[in-house]
Structures are given as structure tokens and as C-alpha cells.
Amino acid sequence: MRRVVLIVVAVVAFVVAGCATSTSEPEGQSSSSTASSAAPGGPSLVNLGDSFSAAAGVQPLEADSPVMCFRSSRNFAHVLAAAQRYRLDDVSCSGADTSDFFTPQYEGVAPQLDALDADADVVTLMIGGNDSSVYTTAIGACSDVAASDPAGSPCRDAHGSQYVDIVRDSTYPALVRAFTAVRAKSPDARVLAVGYPWILPADTGCYPTMRVASGDVGYLRRLQAVLNDAIARAARRTGVDYVDMSRVSEGHDACAPVGQRWIEPQQGNSGASPVHPNAAGQQAIADQVAAALR
């Protein structure tokens with residue numbers, strides 16, 4: 001997510017917690033990767049999206065990942081390509097929003113749509129959480145005020161429907177535009193938009209492991225549900241398949257124990273950037289996408 005990447009560069013990932021490791025690269029590095037596990041001539045898979053798609057913080061990084069993209073060689077697209085023998089072109093990039101499908105995200109990082117053509121067989125993507133910086137801003141805002149009333153709902157009290165309104169009014173039409181463009185570039189491809197796995201549990205949270213006041217846990221869960229619903233509706237409207245991660249990720253949120261959680265928390269994170277899927281989470285996403293492709 002966009003705010004996360006900026007903070008990672010300052011060695012403090014996401015809402016000022018944890019860190020992610022990166023590799024350096026020459027200037028002008030393309031965002032495209034061809035880390036394929038398939039024999040030449042096999043079906044092609046193009047992966048687009050943000051830090052959830054790139055698997056920010058999951059080691060090792062892809063050898064030719066642009067330095068700001070933090071793209072892992074163990075993200076769900078790589079896992080899927082290895083298992084199903086796809087020729088993979090992965091252009092996912094941490095911090096991406098839908099505008100980065102159309103314009104360069106960073107110097108030397110091409111618009112993600114440039115990776116698509118009429119010959120693509122499968123296109124996967126996770127996108128939307130960074131549009132208008134809505135979810136990253138909400139997490140940051142809620143973390144900033146949690147200490148003032150850990151048992152209350154200071155974030156909901158301060159911001160009300162602000163973030164939900166942004167998703168409905170701005171993120172949804174941006175998703176429709178992006179998905180429509182993907183379909184236009186690869187009209188014969190199977191296109192799958194993946195929803196975000198649950199970041200927080202359904203009831204009380206785990207303050208201060210996740211710096212969210214107990215009364216704001218439901219507030220952020222609802223925002224994530226509205227975001228996933230926007231992705232699902234945009235997918236239906238544009239003829240894209242939606243891969244729902246909500247049901248299978250229940251109980252694997254950032255408050256779950258080590259070994260059970262798929263999302264790493266703000267404090268005590270290990271194996272991924274804070275508030276991002278770890279390797280187990282990426283495997284779970286790959287499994288759901290594979291099931292949808294059957």
C-alpha cells in the first residue's frame with residue numbers, strides 16, 4: 001500500500017511499525033519480471049497489483065524487483081505459477097493504486113497495463129486499498145488515536161463514515177475503470193480480482209500488537225468489508241472473476257497467534273511487512289486463485 005512503501009523507505013514500515021528488507025537495482029529497471037517456472041510455450045500468467053499482490057516483506061525478494069516495489073519471489077503469483085506451470089510476468093508493485101495501471105508509478109517502472117496484450121491467458125490482480133489512500137490512512141488514523149482511549153472508539157468517533165464514503169464515491173469507479181482497461185488489453189484472458197484477507201478479527205482486537213482501540217476494530221472491519229464489496233461489484237460489472245478471501249481468512253488475521261496468522265501485526269511482525277500477508281497468507285491466496293481457475 002502506498003503509505004506503507006514511503007514509510008518502509010524510512011525503515012519504519014506501515015503506520016510507523018516494523019520494517020521490510022529491499023534490494024538495490026540499477027536505475028531504469030523495468031517493473032516487469034519473467035520469473036517463469038513453466039516450459040516455453042506454456043500458458044501465460046500476468047500479475048498486477050499493490051503490496052498485497054507483491055508480498056512486501058516476504059523474503060526473498062525477486063531478483064529484478066524495482067527497489068520501491070518490494071516484490072517477493074514467494075508472492076501468490078509465483079506460488080501459483082510454480083504449481084500450475086504458468087509463464088509468469090509479475091509487475092505488482094508495493095504502493096500501487098489503480099492510477100498506476102495507466103501511468104508510471106516510479107521512474108523506470110512502467111504502467112502495469114503495459115504488461116498485458118491480447119495473448120495473455122490469465123491475469124490476476126489485487127488493487128484498491130491504496131486508492132485515495134483510504135485504507136492506509138484509516139489504519140494510520142486509528143493507530144494514532146488508539147492510545148487515547150484503548151477501550152473506546154476514538155477513530156470512529158472522529159471520522160465517522162468518511163472512509164466508507166471515499167470507497168463508495170471514489171474507489172469503486174476507479175476499480176471499474178481499471179478492470180475495464182484490463183479486459184480491453186487482454187479480452188480473451190481469464191481475469192481474477194482477489195479480495196483482501198481479513199486484517200483484524202471480528203470482535204475485540206489485540207492492542208497494542210495491533211494499535212487499534214477495541215471499539216474501532218469493528219469500524220475498520222466494516223471499512224474492509226466495504227472495500228472488498230467494491231472490488232467484487234466492480235468485477236461483476238466488468239466481467240472479471242472475484243476471488244473472495246473473507247471466509248477462508250477468518251481467524252488468520254493479524255491478532256492470531258504465530259503459525260496461525262496470515263497477516264503480520266504492527267508489533268512483533270515476522271516474515272512480512274506489518275499489516276501485510278506473510279508466506280502462509282500468500283500460499284492461501286494462491287490456493288484460492290487456483291481453486292477459482294479449476
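Keep in mind that glycine also has a Cβ here, set from the backbone N, Cα and C atoms.
Predicted, not measured: the structure shown is a model, and the values here were computed from it.
What TrEMBL records for this protein:
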SIGNAL    1-17  signal peptide
DOMAIN    48-284  domain 'SGNH hydrolase-type esterase'
ACT_SITE  Ser51  active site, nucleophile
DISULFID  Cys69-Cys93  disulfide bond
DISULFID  Cys142-Cys155  disulfide bond
DISULFID  Cys206-Cys255  disulfide bond
ACT_SITE  His276  active site
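All chains included, 30 other C-beta atoms sit within 10 angstroms of the C-beta of Cys69 (disulfide bond). Only Ser51, from the recorded positions Ser51, Cys142, Cys206, place their Cα within 10 Å of the Cα belonging to Cys93 (disulfide bond). Least crowded of the disulfide-bonded residues (Cys142, Cys155, Cys206), judged by neighbouring Cβ atoms within 10 Å of its own Cβ: Cys206. A 10 Å radius around the C-alpha of Ser51 (active site, nucleophile) takes in these recorded positions out of Cys69, Cys155, Cys255, His276, in sequence order: Cys69, His276. Here the Cβ of Cys255 (disulfide bond) has 23 other Cβ atoms within 10 Å, regardless of which shown protein chain they belong to. Cα separation, Cys69 (disulfide bond) to Cys255 (disulfide bond), rounded: 26 Å. Cys255 (disulfide bond) has its Cα within 10 Å of the Cα of none of the recorded positions Cys142, Cys155, His276. Here the Cβ of Ser51 (active site, nucleophile) has 35 other Cβ atoms within 10 Å, regardless of which shown protein chain they belong to. The distance from the Cα of Cys142 (disulfide bond) to the Cα of His276 (active site) comes to 17 Å. Across the structure, Cys155 (disulfide bond) and His276 (active site) are spaced 21 Å apart at their Cα atoms. According to DSSP, His276 (active site) sits in a coil region rather than a helix or strand. Across the structure, His276 (active site) and Cys206 (disulfide bond) place their CA atoms 16 angstrom apart. Reduced to three states, the DSSP call for Cys155 (disulfide bond) is helix.
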